[in-house]
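Per TrEMBL, the feature transmembrane segment maps to 20-40, 46-68, 80-98, 110-133, 145-163, 169-185, 197-218, 288-317, 329-354, 360-381.
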Amino acid sequence: MKKNKISLKMPTGYSKLIHATILALNLFGVVMIISASMSTTSTTQSLMIAGIKEFIFVIISYILMVFVARNFSMKLFGKYFYFILGITAVMLFVPLAFSGVNGAKAWIQLPFMTIQPSEFTKIIVILTVAYTLGDKRGERDKKWWQLLMVPVLFILFAVGVITVLQSDLGSAVVILGIGYLCILVPSNSKLTKTQKWMFGLLLFAFAFLFFIDTPFGFKMIESIFTKIGKPYMLARFQTSADPLHDIYGNSMQIFYGLVSMTKGGWFGLGYGNSLMKYGYIPEANTDFILAIVIEELGIVGFGIIIVGYGILIYNMFKYAFKVKSEKDKIILVGTAAYIMIHFFFNVGGLSAFIPLTGVPLLFISSGGSSRLAIMIAIGLVQNVIARYHREQTLAKQKKVVQQ
C-alpha cells in the first residue's frame with residue numbers, strides 16, 4: 001500500500017509569475033532583514049542567526065503555501081465553518097495571558113517563537129465572507145441583514161477584541177479593511193444598496209484620514225483617546241500630525257525613518273551601509289524596514305518592492321474578472337486587499353501621512369506570523385487560479401471532442 005507523501009510540487013495550472021514574484025520578494029526580504037538587523041552590538045554570528053531564522057520561516061511558509069494550493073477545499077472549510085470560527089475567536093483571547101509588547105497584548109509568547117493570532121484572522125475573514133456571501137444569488141428568502149449577519153458579526157467581534165483587549169489598532173484596522181472590501185464583491189441584488197452605502201463610507205474614510213491631520217481633527221481624536229484611556233494611541237496620532245514635536249520621545253522612530261529615506265536618493269548608500277539602523281531606529285528589521293531599504297538601495301530598492309506588489313495585485317484582479325465563482329472572486333480580491341492595505345498603512349505610517357500602526361511590510365519585514373499568513377493567502381490564490389486553468393483546459397478538450 002502506497003503512503004501519501006507531502007508534495008512540494010505546485011498544482012497544475014498555477015500562476016508561475018505569481019510564484020516567481022513571491023519567491024523573489026521573500027528572498028529580498030531575508031537579505032534586507034540581515035542588513036537591518038545590524039547594530040552596534042551585533043556580531044557575524046547574530047546576523048547569521050537572524051538570517052537563518054527568517055529563512056526557516058520562508059521555508060515553512062512555502063511548504064504551507066504549496067499544501068494550501070494543492071489541497072484547499074471550500075466544501076471542507078464549510079463543513080467545519082463554525083468550529084473554525086470558534087477556534088479563531090478563542091485564539092484571539094490567548095495573547096491576553098502573556099505580557100504586552102509596546103502597549104499591545106497581541107502575541108502568544110512561546111520559548112522558540114511568538115505567534116500573532118490576529119495575522120491568521122485576516123485569512124479567516126476572507127474565507128468567511130467568501131463562504132457566507134459568495135454565490136448566494138438564489139437565496140431570495142433572506143434579507144440583506146440576514147446575509148451579512150455572520151460575516152459582519154465575526155469581523156466586528158475580531159476588531160473589538162483586537163482593538164479594546166489586545167490594544168493592537170493596526171491589525172484591527174487591516175482586518176476591518178479586508179472584510180469591508182470583500183463584502184463589496186458579491187453581486188447579490190439584496191446587497192446592492194448596502195454596498196453602495198459602504199462604497200460611500202469608504203470614500204469618507206479616506207477624507208477622514210486627511211481631516212485627522214488638521215488641528216481640529218487632532219483635538220477630536222485627543223478627546224476620544226483620553227476618554228477611553230489609550231494614551232499611546234493618542235501619541236501616534238500626535239506624531240502623524242507633527243513628526244517633529246518630540247524627536248527624542250514618541251516621534252523618534254518617525255523622525256529618523258524620514259531622515260533615513262531622504263539619505264537614500266536614487267541608488268542608496270549601498271547594501272549594509274545604513275547609519276540609521278545603529279540605534280536611531282529601534283527594531284529596524286520589522287515595521288521600519290522600508291526606511292532601511294530606501295537608505296541602502298534608494299528609490300530603485302523601493303521600486304523593486306512596488307513592482308513585486310504590482311505584479312501580485314494586478315494578476316489577482318485579472319483572475320478575479322475571469323473566474324465565475326464569487327467565492328473565488330472574493331478570495332482573489334481579499335488577498336489583493338490584504339497586500340494593498342498592509343502597504344498603505346506601512347508606507348503611510350513611515351511617511352507620517354497617517355498614524356503609525358505597527359503593520360509590517362509583507363514579505364519584507366521580519367516576523368514569522370505575518371509571513372506565514374500571507375503565504376497561506378497566496379496558496380489560496382494559487383488554488384483558485386490552478387482550478388480555473390484546469391477547468392479552461394477541460395472545456396477546450398470537450399469542444400474538440402464535440403467537433
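A Cβ is built for glycine as well, from the same backbone N, Cα and C atoms used for every other residue.
Distant neighbours of the transmembrane segment (288-317): 15, 17-18, 21-22, 24-25, 28-29, 32-33, 35-36, 253, 256-258, 260-261, 263-277, 281, 332-333, 335-336, 339-340, 343, 346-347, 350, 361, 363-366, 378, 381; these residues of the same chain sit at least 6 beyond its ends, with a Cβ under 8 Å from one of its Cβ atoms. Contact between the transmembrane segment (46-68) and the transmembrane segment (360-381) is supported by 3 or more Cβ pairs under 8 Å, counting only residues 6 or more apart in sequence. Taking every listed stretch (145-163, 197-218, 329-354, 360-381) in turn, the largest tally of C-beta pairs under 8 A with the transmembrane segment (20-40) is reached by 360-381.
Spatially, the transmembrane segment (80-98) is not adjacent to the transmembrane segment (169-185); fewer than three Cβ-Cβ distances between them are under 8 Å for residues at least 6 apart in sequence. Distant neighbours of the transmembrane segment (110-133): 74, 77-78, 81, 84-85, 88, 91-92, 94-95, 147-148, 150-151, 154-155, 158, 162, 166, 168, 171-172, 174-175, 178-179, 182-183, 185-186, 188, 191, 326-328, 330-331, 334-335, 338, 367-370, 372-373, 376-377, 380; these residues of the same chain sit at least 6 beyond its ends, with a Cβ under 8 Å from one of its Cβ atoms.
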